[in-house]
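Student: Okay, here's the structure, questions in a sec.
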Amino acid sequence: MGCFFSNRRKAEKESQPEAGEERPKQYSWDQREKVDPKDYMFSGLKDETVGRLPGQVAGQQFLIQDCENCNIYIFDHSATVTIDDCTNCVIFLGPVKGSVFFRNCRDCKCTLACQQFRVRDCRKLEVFLCCATQPIIESSTNIKFGCFQWYYPELAFQFKDAGLSIFNNTWSNIHDFTPVSGELNWSLLPEDAVVQDHVPLPTTEELKAVRVATEANRSIIPVSRGQRPKSSDESCLVVLFAGDYTIANARKLIDEMVGKGFFLVQTKEVSMKAEDAQRVFGEKAPDFLPLLNKGPVIALEFNGDGAVEGCQLIVNEIFNGTKMFVSESKETASGDVDSFYNFADIQMGI
């Protein structure tokens, strides 16, 4: 009579690898949840409103192609986004960690934020942009740019997940790889352009659940004038050092200055070393050196007659006790601004 346990031990022994025989290796990517590319793609759509809610993309790559007369909203952060062969579409893209690439598109209106932005073989695009590096167009015509202007509750966290700073936005510093003598392939949208008139809010019940606001004073990105002509010869540089309330202080200062009629020209968030401080802050550099080790600084440039005095008054009244660098006079302000932004652009590779 056979023994059941002996048979089981025999089976277990036979299933075990021989001495010296290695088990198949397990790799981390073998454990990853498989993704279906179709979940991260809109292709061949016509006359539709479609999108993805916060949390539905979660840093994946996304593809939009061959769409016509569509409204497309990606309310989440992505790795990269490619838009090919789309016509007469409205497109919103949440923060993109890498590149956004438009190819062979026409008559599209977009709002998006990304690390790199490129347009090739396109015509008649309107783009409200936040881009950490210099936007590039190639073999394209009638491309118009404005500053990103959008808000919903999850957007700030999505910027962090995408590794983007809300203060690094070179939206108007366009490089045209294929310029045509006597012609300009790109231009800036009017400063008073209303983003919702170009990129309207979604109308489907599912996407309306995302609580979107498009007013400039609620935008997650500070709305700047960029490369538009300055209204005054006087500019003021303010540098805020890293701390618990740096972002809140920067936003408060922007609101106060804009409320008094001054213009925000540009913003930057960048790390500084001792030699950088000497170049930018001059004889005041020793006062700020200990603060540089706490993290990146945020710099704001304001423009308008009386900007230096106006900014100093606001800083003294509202931010008394908070360490900031503020241009001392109209005569030195221009040099301060140029020194800082030249350094910052070099650091960021712009």
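Cβ coordinates come from backbone N, Cα and C, glycine included.
Taken from TrEMBL, the feature GTP binding site covers GLY98, SER99, GLN115, GLN116, PHE117, ARG118. Under the heading compositional bias 'Basic and acidic residues', TrEMBL lists 9-31. Summarising the annotation, TrEMBL assigns domain 'C-CAP/cofactor C-like' to 24-179. Sequence annotations record features per position, and here TrEMBL assigns N-myristoyl glycine to GLY2. Residues or ranges marked as S-palmitoyl cysteine in TrEMBL: CYS3. Marked as region 'Disordered' by TrEMBL: 1-31.
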Student: Around the GTP site recorded as GLY98, SER99, GLN115, GLN116, PHE117, ARG118, what other same-chain residues have a C-beta within 8 angstroms of the site's C-beta center?
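Tutor: Nearby residues not in the site list: THR80, VAL96, VAL100, PHE101, CYS114, CYS131, THR133.
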Student: What mean pLDDT score does the domain 'C-CAP/cofactor C-like' (24-179) have in the model?
Tutor: 94
Student: Using Cβ-Cβ distances, find the residues under 8 Å from GLY98 (GTP binding site) that belong to the same chain and are at least 6 apart in sequence, listing them in sequence order.
Tutor: ALA79, THR80, CYS114, GLN115, GLN116
